[in-house]
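Undergrad: Right, I'll just put the structure down here and ask away after.
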Amino acid sequence: MKRVLTALAAALPFAAHAADAISGAVERQPTNWQAIIMFLIFVVFTLGITYWASKRVRSRSDYYTAGGNITGFQNGLAIAGDYMSAASFLGISALVFTSGYDGLIYSLGFLVGWPIILFLIAERLRNLGRYTFADVASYRLKQGPIRILSACGSLVVVALYLIAQMVGAGKLIELLFGLNYHIAVVLVGVLMMMYVLFGGMLATTWVQIIKAVLLLFGASFMAFMVMKHVGFSFNNLFTEAMAVHPKGTAIMSPGGLVQDPISALSLGLGLMFGTAGLPHILMRFFTVSDAREARKSVFYATGFMGYFYILTFIIGFGAIMLVGANPAYKDAAGALIGGNNMAAVHLANAVGGNLFLGFISAVAFATILAVVAGLTLAGASAVSHDLYANVFRKGATEREELKVSKITVLVLGVIAIILGVLFENQNIAFMVGLAFAIAASCNFPIILLSMYWSKLTTRGAMLGGWLGLLTAVVLMILGPTIWVQILGHEKAIFPYEYPALFSISVAFLGIWFFSATDNSAEGNREREQFRAQFIRSQTGFGVQQGRAH
């Protein structure tokens, strides 16, 4: 049986977070009717929520931010639902299954960005912005150039993420459900468009909340059954896992999947700052009523995600013990059926039988839908709010802006389906690494410095932001993943897998240098306006009305 090549998570954690990208050849599985029935129940229920939400979406604020009426707890669950992808579940547990302790290190890597969001970004972002993070970046800077840069940064991240999600969705569904790849991609695209088109942020939020609850329940049940098997003793769990794993005691120590310190540092910075620059995550902070609820959102989201990653660690060791040692889950060559990414799915069957296997498969599909819905809404708002209403057609009515947003949703949906089909047999795992690098090198520096550095000017933000974005793209192309593995050259021009360390440095240095040397009258005026922005960012004065651009 052909192996499913794991997502980049099998060796590199960027994809474990977000790609859901199972790249390579997939042998279609028999149709899993339990999974299909459970998934249909989920779809019918969420379409009902979309219909309910569509009756409550009456304005631009309702469509983009659910009217700002989501509570901190609900938003925390939704953020967790937006951030915990199917490959977080499958990829991290697969990494633990193959490498043990390394999987825990990487799962913690996905959490380190959240304290930055909590302490540095959440409160000021909510007090200064209205619908998108470009509202914050352009608060005292020149609207046109900054919004174009922010929208481009957002759209590139969204596009790369969407392609990775769509290809991963098709491969995953082909594997779990036995459905044809093209049918799976079209199904995800159509459902994604329906959620966002009719229900906006309100429907997207509730799809993400439901998915988060289902995923946390499923993972909790699996972890509980694993611990029950070993008498609720971690000592027994680790001892039994070491006894059956080919690496033996080596799974309890770091194995050095990232070989050199530069790559490790670059990877860590990309994960940490990339999270704080993802447009679909930042957009969620505008769905709550005030800065206090925004802080609570991050607090709850971090708690849910931390709990989830602890569960994946237990699930990974449970898979070593109950799946790795069971010949029923191996093919003729002795490899795991479906590849290592399927370790958690096989464990679901081992601890809960066919019915629970169907449930976990349906949850994996629901997870992809929740993530792509959030991405699509972020992309649509960048086009309609940042570009159309504030650059190309200033003074556009709410109705016109919403019309453009919905057209963008349709266009993004169709493009995502087409690219999902075209990239079926391509290695798309690098796209998520590139998305994170761009978010960390373009979006994050501009957001952070616009809120904290009084001497920032439009010239500095523009030149530094574009330099960061282009450096990330160029270094990724010249690196080992694209230059050698995809383009087929013998040796990479840029030797490191991850460009974040270098591209983030270029962005911050560029922003600092071009702002510090900007002696124009406009630059001086922008510096003087920082005090008013600072007061607004601290007090939230005027936040209910938002800033009229």
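From the backbone N, Cα and C atoms, a Cβ is placed for every residue, glycine too.
Below are the features I grabbed from Swiss-Prot:
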TOPO_DOM  1-32  topological domain 'Periplasmic'
TRANSMEM  33-55  transmembrane segment
TOPO_DOM  56-75  topological domain 'Cytoplasmic'
TRANSMEM  76-98  transmembrane segment
TOPO_DOM  99-102  topological domain 'Periplasmic'
TRANSMEM  103-125  transmembrane segment
TOPO_DOM  126-145  topological domain 'Cytoplasmic'
TRANSMEM  146-168  transmembrane segment
TOPO_DOM  169-182  topological domain 'Periplasmic'
TOPO_DOM  206-211  topological domain 'Cytoplasmic'
TRANSMEM  212-234  transmembrane segment
TOPO_DOM  235-260  topological domain 'Periplasmic'
TRANSMEM  261-283  transmembrane segment
TOPO_DOM  284-302  topological domain 'Cytoplasmic'
TRANSMEM  303-325  transmembrane segment
TOPO_DOM  326-358  topological domain 'Periplasmic'
TRANSMEM  359-381  transmembrane segment
TOPO_DOM  382-401  topological domain 'Cytoplasmic'
TRANSMEM  402-424  transmembrane segment
TRANSMEM  428-450  transmembrane segment
TOPO_DOM  451-461  topological domain 'Cytoplasmic'
TRANSMEM  462-484  transmembrane segment
TOPO_DOM  485-493  topological domain 'Periplasmic'
TRANSMEM  494-516  transmembrane segment
TOPO_DOM  517-549  topological domain 'Cytoplasmic'
Undergrad: Cβ pairs under 8 Å with the transmembrane segment (359-381): which stretch of 76-98, 146-168, 261-283 has the most?
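TA: If we count Cβ pairs closer than 8 Å to the transmembrane segment (359-381), 146-168 scores highest.
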Undergrad: Which stretch from 146-168, 212-234, 402-424, 428-450, 462-484 shares the most C-beta pairs under 8 Å with the transmembrane segment (103-125)?
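TA: So the stretch in question is 428-450.
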Undergrad: So what's near the topological domain 'Cytoplasmic' (126-145) in sequence-distant terms, Cβ-Cβ under 8 Å and 6+ beyond its ends?
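TA: Contacts of the topological domain 'Cytoplasmic' (126-145) (Cβ under 8 Å, skipping residues fewer than 6 from its ends): 60-61, 64-65, 151, 154, 279, 282-283, 285-286, 288, 290-291, 293-294, 378, 381-382, 385-386, 390-391, 443, 446-447, 450-451, 456-458, 461-462, 522, 526, 529-530, 532-533, 536-540, 543, 546-547, 549.
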Undergrad: Is it possible to list how many residues within the topological domain 'Periplasmic' (235-260) are helical, extended or coil according to DSSP?
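TA: Tallied per class, the topological domain 'Periplasmic' (235-260) gives 15 helix, 0 strand, 11 coil.
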Undergrad: At a Cβ cut-off of 8 Å, and with pairs 6 or more apart in sequence only, do we get at least 3 pairs between the transmembrane segment (428-450) and the transmembrane segment (212-234), yes or no?
TA: no
Undergrad: For the topological domain 'Cytoplasmic' (56-75), could you work out the same-chain residues 6 or more beyond its ends whose Cβ comes under 8 Å from its Cβ atoms?
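TA: Counting only partners 6 or more residues beyond its ends, the topological domain 'Cytoplasmic' (56-75) has Cβ contacts under 8 Å with 130-132, 198-202, 205, 209, 283-289, 292-297, 299-301, 377, 381, 385, 398, 401-402, 405.
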Undergrad: Cβ pairs under 8 Å with the transmembrane segment (261-283): which stretch of 76-98, 146-168, 212-234, 402-424, 494-516 has the most?
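TA: Highest pair count goes to 494-516.
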Undergrad: Take the C-beta pairs under 8 A between the transmembrane segment (76-98) and each of 146-168, 402-424, 494-516. Which stretch has the highest count?
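TA: Selected stretch: 146-168, with the most Cβ pairs under 8 Å.
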